[in-house]
Amino acid sequence: MMRIALFLITNLAVMLVFGLVLSLTGIQSSSVQGLMIMAGLFGFGGAFVSLLMSKWMALRSVGGEVIEQPRNETERWLVETVRSQSQQAGIAMPQVAIYHAPDINAFATGARRDASLVAVSTGLLQNMSRDEAEAVIAHEISHIANGDMVTMTLVQGIVNTFVIFISRLIAQVVSGFLSGNRDEGESSNGNPMVYFAVATVLELVFGILASIITMWFSRYREFHADAGSAKLVGREKMIAALQRLKTSYEPQEEGSMMAFCINGKSKSFSELFMSHPPLDKRIEALRSGEYLK
């Protein structure tokens, strides 16, 4: 809760300072305050709705099944491993789910540390040793213990807010200038068609650029989740799990859930837009102990 309050206060303070600067430079119009509020509502609103619905959406997207009562030895081992590690990490027991996929993969999601979900693929259970699987589960438990889902939502909310606000502010200035709007009584947005066209293009461009920030933060949290796993089950187990992942198939999970999947192979696309660091970098970070301090 303190983390949420701090992020909201920081975001509000920056927006107020930005509004003051606009006022002093004469750029501010009567609608800027309303634009700031609208950007904040839409920017944070979408991010928090996604967070609150994350467990339901994640299970639905992969066809996951929550284990209510273990039906076999593998499910019993999985539930007991999650229970033991969550106790070690000081969090409430997450829901445990399995989904059918050939990929060696797992993910964690949930709106709160004490109301979370850990899901693993059948491919992981079939193709990893118990030690390797323990390390992967510990990685997901570390995401939960670190509060990464909430933190990523707050970061995404701030980024969304500024993308919406700056895009529409620039669109307002451009459309007003092109329409020759100089009278107080006229719409501050100038030509509506120009306004929405410019705002749409800028939101797309700024959104792509802003994703560099969110993906950088996601990669940073992955290193810490790897370190958390090493602390829970041992460095060598986590290294072995990452080495195993180097030979696995690419994961198919998309969107916000992808940020908390264990797999993260380097793709041909720029590393700037990757949610996970390359596996070799993660292994090297564990060996050097960079994030274990």
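Any Cβ shown, glycine's included, is placed from N, Cα and C.
Within 10 Å of the C-beta of GLU140 (active site) there are 28 other C-beta atoms, taking all protein chains into account. The DSSP secondary structure for GLU140 (active site) is helix. Marked as active site by Swiss-Prot: GLU140.
Just so you know, the Cβ of HIS139 (Zn(2+) binding site) picks up 28 other Cβ atoms within 10 Å once every protein chain is counted. What Swiss-Prot records for HIS139, HIS143, GLU222 is Zn(2+) binding site, and it gives sequence analysis as the kind of evidence.
According to Swiss-Prot, the feature transmembrane segment maps to 4-24 (among others), an assignment based on sequence analysis.
The transmembrane segment feature in Swiss-Prot is assigned to 34-54 (among others); the stated evidence is sequence analysis.
Positions annotated as transmembrane segment by Swiss-Prot: 158-178 (among others).
Residues or ranges marked as transmembrane segment by Swiss-Prot: 193-213 (among others).
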GLU222 (Zn(2+) binding site), number of other Cβ atoms within 10 Å: 27
Number of other Cβ atoms within 10 Å of the Cβ of HIS143 (Zn(2+) binding site) across all protein chains: 30
Within-chain partners of the transmembrane segment (193-213) [C-beta distance under 8 Å, separation at least 6 from its ends]: 155, 159-160, 162-164, 166-168, 170-172, 174-175, 178-179, 272-273
